[in-house]
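As recorded in TrEMBL, the features of this protein are as follows:
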- GLY493, ALA494, THR495, GLY496, GLN497, GLY498, LYS499, SER500: ATP binding site (BINDING)
- 1-11: compositional bias 'Polar residues' (COMPBIAS)
- 12-23: compositional bias 'Basic and acidic residues' (COMPBIAS)
- 270-284: compositional bias 'Basic and acidic residues' (COMPBIAS)
- 475-680: domain 'FtsK' (DOMAIN)
- 1-23: region 'Disordered' (REGION)
- 248-295: region 'Disordered' (REGION)
- 42-64: transmembrane segment (TRANSMEM)
- 98-121: transmembrane segment (TRANSMEM)
- 141-159: transmembrane segment (TRANSMEM)
- 179-207: transmembrane segment (TRANSMEM)
Amino acid sequence: MASTTVKQNTIRRPERPPKEEPTKQAWTLNVDRLFSDKRNNLTLGVLMLLLSAGLFFAFVSYLFNGQEDQSTIHAAFHTPLRETGEETRNLLGLVGAYIAHVFVFRWFGLGALGLPVIAFLAACKVAFGTELLPLRRTTKAILFLSFWVSLLLGYIVLVTDTVQDYSIWCGGLGYELNVALYGLIGWGNIALIGFLLFCFIVFFFNVTSLRRPSWMSMPAPSPRPKPAAYNDVQDSYDAIEEDRLPEQEPAPEPTAETPPVSKAAAPADENGRELTLHMPDRNPRPAPKPGSLTFTIEDTTHVTDDAPVTPVFDIEPVSDEDLLNTHGLYDPTLDLPRYQFPTAELLTDYPENQKAQVSADELEANKDRIVETLQNYGITIDHIKATIGPTVTLYEIVPSAGVRISKIKSLEDDIALNLAALGIRIIAPMPGKGTIGIEVPNKNREMVSIRSVMTSEKFTKNTYELPVVLGKTISNEIYVADLAKMPHLLMAGATGQGKSVGLNVLLTSLIYKKHPSQLKLVLVDPKKVELTLFNKLERHFLAKLPDSDEAIITDTKKVVNTLNSLCIEMDNRYNLLKDAGCRNLKEYNTKFVQRRLSPEKGHRFLPYIVLIVDELADLMMTAGKEVEQPIARLAQLARAIGIHLVVATQRPSVNVITGLIKANFPARLSFKVTSKIDSRTILDTGGAEQLVGMGDMLLSSNSDIIRLQCPFVDTNEIEEICDFVGNQRGYDAAYALPEFVGDDGGVSDEKDVDLENRDPMFDEAARLVVIHQQGSTSLIQRRLKLGYNRAGRLIDQLEAAGIVGPFEGSKAREVLIQDPQDLEERLKAMN
Ligand SMILES: Nc1ncnc2c1ncn2[C@@H]1O[C@H](COP(=O)(O)OP(=O)(O)OP(=O)(O)O)[C@@H](O)[C@H]1O
């Protein structure tokens, strides 16, 4: 018998991470929570309202009584406060007088009145969540004007030598600056003050050119009634507004120097830059809100009384840089600016004693048995080392020189028998190391809580595109993968081994890391009960077919339609990427964020779409090829455009995981399966049948196989998370996938459309598609702010009226009328 020499037994216990200190992140979360409580907002808002009113009265009162109060304020520090207070004439007493003295007398004079206005607007926003005027922009304007008014009044006070009487009106700032400048440039002061105002207008309103206004060169045309059609066109063009930009940046009110221009549609030129169409407007009305609106003064010399009233389009390109300078980077999260990410507190904090408890005796006994067993088969060992994982302990052995690895592998069953434990897995050799690994399940295993992984730095600081926590490795490291890189995941496992928990963990990771504007989930659940809790995320994270009532797809027929609809979405996205000259979604979105892609050309921020199928076997049984083909197609092509698939099954047999599907899912994950054959089907190797269940799993990616313990997330934790997200303000509806007309038909036939009973928005929709030369439902939906169904009905009516062509799959419908004037005639005839 060969002698066994164990030179050194190293038993390493993984270090416990120190208990986490309350971090800065936790503090931020608390502050976020504070402001997510509407009662706090209301209280703070009302306090701010009172403050703004107080400032206003104090300032106005000071403008009139300030001079008398000045002596009281100076005396306040030398005489008892009560007496001084009684002498104060300010409506808000001594405190009001003092604050006003600083803001009005020392700084801005009359301009200080801007301050209570800013406070009032901010208070309305905090208390009622509404912006009477866009806060940031108005604040900038008011601050400038406060300073400028102080400067102008300072100049007037200086040149009229009335500082004794009127110094309060200009404030110290305006006066002193004028005094300083007067010594240097004398009368040039006023030119400088005027120039300051000019600079402000140029930058604030993004003025790029000064054109000669029409009233300088020709007499004003005599008033003449406009034909009805012209008015209609005008109204509906005005209704067609930029979707988002105006919400952030409102229009300047028209001034005397800037006759209002009505903004027609804004298509893009060949270079993808935005074009603004201006129409002469004879009835001055408030200017439309700007998206790409430029400060342009129209020359209407070509419009004479006799000329037919045809809208004249003046095309003014707005460069990407202008847009970027005016609006900054596009921020998709502004769709839901108040969205709060779910917090760690929603997850259960399990006590420490749930950690793996492997005693020294257990380790020693296992080691002795391994050594003994191997000895029985004539295998000698140089060295053995144990690493305790959450579920299993890995014994790494270095066999003596000359021992064949295949020999050890063939003894797998015997060693397992000797160790009297299920789930022995032998890894011979350990990849990248010259050792052989024997994994032995722990008697008491550790339950890896989802909270422990979600709060780990590895996850919180992770910057992957789609980070998913998969579990803990054998050496207790948290394993986070990037679903975007995987790029799809196939999951298998016999029933009750942890698949559903695994899917929940994956979804939780994504929801914890992504804003609803960045991620959409398509959930397919033929078992009908597994994913129901996620229903509450419908208006935040879910995507569905336009005509579908349920956000979670359970019906096989609908699954087929959804998969095909995703294929259309994929094709649409490829077209957008091609048009933008980008290779993948990340590049495309970066370009869009930098405002280098025009929404008018159909470009939009593209969220990631993750399709989750819980139970492929069911679908393959009922729909076979109808399901297999779109899944394979998506898996093959969709990686670059941000559509990722996670497909789970409890039956990893070859008629479910077909060659076609398998070939396109490089990353595969297996929980415990019932046979070695199943393990081979999913992982191309045995081992998964040896797992010990309850989330014990093997991940195969890039030809490596890693054993992981999946974290545990309970149903009530999922419920808490979904409530937390679902109770926040979301989108109006789930993300609409493109319509797909299956065999059963999805869009109504032309003959069903009753043109006598047209939608009230019919004319507007017609003008929109003609101006854009794009017959797309989503264009109508976006621009006219309609639901998908109504926009779909409108496009059917437009088709029936011969304005757009028939449905063409992923492409927008052809528009059959090119000239807006022809359209007006057609509409008139219809009316
Ligand atoms: N990661 C885990 N940690 C601890 N226990 C787990 C883990 N995953 C699953 N379990 C236990 O196993 C049970 C079954 O898990 P799960 O429902 O996920 O199985 P499944 O594979 O989805 O089964 P089915 O296919 O029948 O739906 C859970 O109720 C839980 O008690």
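From the backbone N, Cα and C atoms, a Cβ is placed for every residue, glycine too.
Any TrEMBL annotation is an automated prediction that lacks curation.
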Chain residues in Cβ proximity to the transmembrane segment (141-159) (below 8 Å; excluding those fewer than six residues from its ends, i.e. six or more beyond): 107-115, 117-118, 166-167, 169-171, 173-179, 182, 189-190, 193, 196-197, 200, 204
Cβ-based neighbourhood (8 Å from the centroid) of the ATP site, residues GLY493, ALA494, THR495, GLY496, GLN497, GLY498, LYS499, SER500 excluded: GLN650, PHE671, LYS672, GLY693
Those binding-site residues in ALA494, THR495, GLY498, LYS499 whose CB falls under 6 A of ligand 1, listed in sequence order: THR495, GLY498, LYS499
Same-chain residues near the transmembrane segment (42-64), Cβ under 8 Å, at least 6 residues beyond its ends: 89-92, 96-97, 99-101, 103-105, 110, 112-113, 115-117, 119-120, 122-128, 168-169
Binding-site residues compared (GLY493, GLY496, GLY498) - highest count of Cβ atoms within 10 Å: GLY493
For LYS499 (ATP binding site): DSSP state (helix, strand, coil): helix
Under 8 Å by Cβ from LYS499 (ATP binding site), counting only residues of that chain that are 6 or more apart: MET491, ALA492, GLY493, ASP614, ALA648, GLN650, PHE671
Cβ neighbour count (within 10 Å, all chains shown) around THR495 (ATP binding site): 10
Binding-site residues listed as GLN497, SER500, least Cβ neighbours within 10 Å: SER500
For ALA494 (ATP binding site), the number of other Cβ atoms found within 10 Å of its own Cβ: 21
For the domain 'FtsK' (475-680), the mean pLDDT of the predicted model: 90
